[in-house]
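Listed in TrEMBL:
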TRANSMEM  B:79-100  transmembrane segment
TRANSMEM  B:120-146  transmembrane segment
TRANSMEM  B:271-290  transmembrane segment
TRANSMEM  B:323-343  transmembrane segment
TRANSMEM  B:363-384  transmembrane segment
TRANSMEM  B:448-477  transmembrane segment
TRANSMEM  B:498-525  transmembrane segment
TRANSMEM  B:531-551  transmembrane segment
DOMAIN    B:695-756  domain 'CBS'
Protein chains: 2
Amino acid sequence: MAREGDEEDVLHTRPLLETHNQVLLRRSASNATSQVAIVGSNVCPIESLDYELIEYDFFKQDWRSRDQSQIFQYISMKWMLCFLIGIFVGLVGFFNNLAVENVAGIKFVITSYMMLEHRYTMAFLVFMVCNFALILFSSIITTFLAPAAAGSGIPEVKAYLNGVDAPGILSKRTLFVKIIGSITAVSSSLNVGKAGPMVHTGACIAALIGQGGSKKYGLTCRWLRFFKNDRDRRDLITCGSAAGIAAAFRAPVGGVLFAFEEMASWSRGALLWRTFFTTAVVAIVLRALIDVCTRGECGLFGKGGLIMFDVTSENVAYHLSDVPAVLALGVIGGILGSFYNFLLQKVLRIYNLINEKGHAYKILLACSISIFTSCCLFLLPWLASCRPCPADASEECPTIGRSGNYKKFQCPPGHYNDLASLFFNTNDDAIRNLFSKNTDTEFHHMSILIFFVTCYFLGILSYGVVVPSGLFVPVIVTGAGYGRFVGMLMKSHSNLNLGLFAVLGSASLLGGSMRMTVSLCVILLELTNNLLLLPLMMLVLLVSKTVADTFNGNIYDLIMKLKGFPYLETHAEPYMRQLTVSDVVTGPLQVLNGIEKVSNIVHVLETTGHHGFPVLDKPPISDFSLLYGLILRSHLIVLLKKKAFLPTPVPTGIDAAKQFSADDFAKRGSGNSDKIEDIELTEEDMEMFVDLHPFTNASPYTVVETMSLAKALILFREVGLRHLLVVPKGPSISPVVGILTRHDFMPEHILGLHPSLVRSRWKRLRFQSCSVINIFRASQTNL
Amino acid sequence: MAREGDEEDVLHTRPLLETHNQVLLRRSASNATSQVAIVGSNVCPIESLDYELIEYDFFKQDWRSRDQSQIFQYISMKWMLCFLIGIFVGLVGFFNNLAVENVAGIKFVITSYMMLEHRYTMAFLVFMVCNFALILFSSIITTFLAPAAAGSGIPEVKAYLNGVDAPGILSKRTLFVKIIGSITAVSSSLNVGKAGPMVHTGACIAALIGQGGSKKYGLTCRWLRFFKNDRDRRDLITCGSAAGIAAAFRAPVGGVLFAFEEMASWSRGALLWRTFFTTAVVAIVLRALIDVCTRGECGLFGKGGLIMFDVTSENVAYHLSDVPAVLALGVIGGILGSFYNFLLQKVLRIYNLINEKGHAYKILLACSISIFTSCCLFLLPWLASCRPCPADASEECPTIGRSGNYKKFQCPPGHYNDLASLFFNTNDDAIRNLFSKNTDTEFHHMSILIFFVTCYFLGILSYGVVVPSGLFVPVIVTGAGYGRFVGMLMKSHSNLNLGLFAVLGSASLLGGSMRMTVSLCVILLELTNNLLLLPLMMLVLLVSKTVADTFNGNIYDLIMKLKGFPYLETHAEPYMRQLTVSDVVTGPLQVLNGIEKVSNIVHVLETTGHHGFPVLDKPPISDFSLLYGLILRSHLIVLLKKKAFLPTPVPTGIDAAKQFSADDFAKRGSGNSDKIEDIELTEEDMEMFVDLHPFTNASPYTVVETMSLAKALILFREVGLRHLLVVPKGPSISPVVGILTRHDFMPEHILGLHPSLVRSRWKRLRFQSCSVINIFRASQTNL
């Protein structure tokens, strides 16, 4: 295995690679869990992120240990970056809406005018071809340019913030495709949302701004060097995802809460404040731009776009007698929401099978869903009968152009088609129509039912296709239909108006599907601008979440599991308490000496894929064999690249580090790291030595091998580690027994090593934080 | 030191206490930081809380490892407890308001009628005597019954949630005094608030409900046994404090955010949800009760009380031109807020000197502040000239009775005294008057200035006296005055109405003093019920917090420091990176053997005050001297109390544990724990042995002695530890070097051990999370 050394005089320090460097573990099975994931229907390798503060003599990563001018640079840059993120996300969010409103608007205007001339078939064809072309474009750019841009992006960003780095999810290309693809997909009347893609867009913008353009073109700023690490990137991406929600819904506080409730795995007070600042910038940018638009300079953007449904009624009166209706709404909403998740998951599996067959199949799938959607949207309104315009309509009736509550469609003058007002509109306008007050008689209950059922299934069918697609808006629109329908049924039992029922219906379906509480509540309040709804909203969200949690998990968690991200949960599973760390640690373990021969390092790097190696000091350097610390693969590669070699194995101390600058060890954007294969070393180099001490993290976290696995997980998760060293309990040959990584804590891995646990009652009794038995999960673990 | 054993045959297992049990540390200085704090102006000892999951064979603390019926009990009980907390806090919050409105109302009605009869001196005397009597009562019950109830209580609860247990802060007595004392203090027109006391009240209610009544009277429920630990208590108290804010301001979402932004040191998604549920219950309870009151069955409660200032104007129009005015408001508000904190801190120190002199002095201080306040409130309005009632006044003018915008005071009929409308009212009414729209000409700018300056200083002078007193409402009222005054000055530069200026002024002063962002924003939005204010509110809060952070810290942190709570910050100070764990660990360390002689245990417990002891296995039980785990003092005392002794030192295994039930080890409410002095042991008992293994936490967290102190702090803080074991790097006589506790991470302790660091630049460069140099702190560290 090792290259043989041939000089006798270095023999006493040359490690006996065969015997010592591979510390033998009791169990030498290797970690069998998948280290790849399906991101954007492409299989890609997964790495963990380094959130641990690395402390070695040469370079203290933490900004707190820098001098004053550097601290000033760091802090002012960080605020500046948050400001820029806010500006850009605000601009992109506005541009998104503007584009969607105009593209979809032109489509609806053209078809509406054709309808007016009774050229129905022609209108249908134009409508369908427009949608088809838009989806074709969107799916082609997604498939060929950035497959990682498909889907909502929220699961990917959530996994990233948990420490899972799937390459490509935060690249320039993904950003571009996400923006353009989302605009075209939403404009094509596919039942997909723009909120999820906005979150991903926000995260991409944050990551790219933090990276500061590309090094290749000399665009990077020197001050940005402080942000070339995963911790600061995580902070920025948290801000970016909050800004995304803020821009999508014009809900700055909701955005902050969403980022902290759903997205972030680690949160701190300072970060909360920074996120708040970012979303405040977004809110101000949006307000300024909307001011421009109210002057009528944004084409068809007018009233539509940037959803904000003002349901302020002078008098939101509700009484104890309304509570049963609201409870019923919550319970059914919870069941529908969890069933939504269940169906979506099934559909995604089928779609994955189709998508795996090749690019053509992916695009074909997207296009056929588009055609199906077009048919539904255009043909179903014919089922509804025309209704006469109300005498006291607050707005034009029937409407012919763009938005509006009363769509003419095929109806004679003075009449409107209530189903077309919902279907033959953008989702935003449909939501606005459903949420609006004083429209209790506008819709027939059959129309609402048809709309609800169609949206429910179209939403499920549309999500998995290879275009950027969010889940928020489809769920809101479906929920609004559902709420109005229930409201109509409950008419006799409640005094609430149907617009409020629609709002509460959206809340219940969102609660049943997304399972957030505070953030959904605030987002919906900001959307509807009515704080008096608060107690009812809270009630509905609590009920629907509780009900839905009895059946399955949060939709984003389900998708994350389907994609295979090794997401670390906060809590340990019960069976982890039965195990100790040494029960799961797998080998063989590769260790390095404090002063190591180059050939050995190269060999270790070439033969293993590990990202961290324990560094040992052995006699004669120390009295005993001691654990000095942990060195990262990326840092070893930098050392090899710079050729900071020594002819003889003597400690060099800090001087050797003089030829390095901190920038050399900066972590680059994901997918950009150097590989060992790219480094060329001569035979002479191979025989030389490297003093690893100055570059080794001398304070790695350790656990004793008898530590309970559950408690090791708590340490690993709370501190945000990538590697956790396992040390022996008593005197031992080697001062380190193994390394735990994220994959070692995955239930699949643990249950693979200890199949008996699968049958034990501990396994079946897996409770979620929501406290109810989770039956579905067991079937998903091997996905 | 040790009692001599006299049997030869047990000598080989009898520990040589003198040589081994006290592992000698390199440094044997003891921890010099104060282990006591001033809580409610009484010095009391401080303990840490046990948040670590204790895993030993006998008893797994985590609910996830219990069987199904127990899990069901646990979960249903936890939700039930949250429900009860919500109900009780809602009721208490309502009762509080009802009582204040009625007591203060009667006082104002009586004096107003006297004024109407021109009996001014008499009115003043009645007013003063009422206030005096109320304060006297409040200060007497606070001083003699529960000194811990003095002040706001937020710092105490915040410290508790960080793991600092100051006895008495969550007792039944404190709860009682807090409620009654707060009602009387607020009714007495002292410039104190009710929000802080409500938070403390909520926390007390949560702690007491979790304890389930007293064991003495058999009131405790068997199902509550799962909650007899610090982790569950922490969760409940977080819910309780959120419920407190929700009840005080009728702001359920704001309450949740307050609990998570300001109070909680550890937060989890599940807890967020539970807190949300609790505040939803509070909101519903309050709504139901207010419905009762609108029927006029609550005495003088009518419009006043339960602050909710509806500033909804049809048209909150603001433009770019308003931004400079808002920025100015924010900047000055930040300066005023930090100056408020600075002055408050100085005043508190002076008050502490007075309060230390004895009970009489405390009460005297409270009474003199009350007299001073009465003089200000009654005499200052005479400075204002009477203003004629506006012709189009929306309400009665002048008002004589209780609340109202136009107080008659000494004015002739048809006139009102604008200053009296502010001073001669409860704080809630003053805020409502200042926030109200369409009242731009109601107040003279000199009146507003006098009001603002008086409130500013009265707020500072009133806080430290020995009555329950909050800071929120005084700061809001002062800020409202300040905002209106700035609005009047800026009249020509801005189109915002003065009511909005008042709201923004409150936000800026709150931001400058409390330094919260998201939670303040949401609380203020819920108070004013106007979401359109959001962007301006965010801007003002950001600016004022940023400005204020350059000067000093959050007011609650300053008070916590003054009180001497060892609050653990999330981040490490820069100089901690220069130190290793072994630089701060202090001795002597007491260790126990796995099978230990009773007399040794008693000796160790009697001679030390430590709360955790490492348990070692030594030959012949094991091959080497090994660290088995950590045992808590409270568990040792239970073992001694139950006399689970062995005649000979042989391992007993799990059988010995049969005589214990998990309840025996349940942690009781603070201050209720058994003491070693209370346990009576015979001479025979003393010579027997205890097998500690089944009761020892076998998975304690450890760090190597060369670990950087900063990283050890991160582990300690993130995982929420009470004891962190330090193990030697290489082979050593003892497998454990020391124990780190909360006090070892306190800057005072570290700087005491390493005075050179005080002078180093690291010390001076202490940055807060807010990123700006903190100059003031250095002077406070030795307090």
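For all residues, glycine too, the Cβ spot is worked out from N, Cα and C.
Bear in mind that TrEMBL entries carry predicted annotations, made automatically and left uncurated.
Of the two recorded stretches, the transmembrane segment (B:79-100) lies close to the transmembrane segment (B:271-290), with three or more CB pairs under 8 Å once pairs fewer than 6 apart in sequence are set aside. Residues 78-79, 82-83, 85-87, 89-91, 93-94, 235, 238-240, 242-243, 246-247, 250, 252-253, 255-256, 259-260, 264, 306 of the same chain, all 6+ positions outside the transmembrane segment (B:271-290), place their C-beta atoms under 8 angstroms from a C-beta of that stretch.
Beyond the ends of the transmembrane segment (B:120-146), by six or more residues, the same chain brings 40, 103, 107, 110-112, 114, 168, 171, 173-174, 176-178, 180-182, 184-185, 187-190, 359, 362-363, 366-367, 369-371, 373-375, 377-379, 410, 465-468 to within a C-beta distance below 8 angstroms of the stretch.
Averaged over the domain 'CBS' (B:695-756), the predicted model has a pLDDT of 87. Sorting each residue of the domain 'CBS' (B:695-756) by its DSSP state yields 24 helix, 12 strand, 26 coil.
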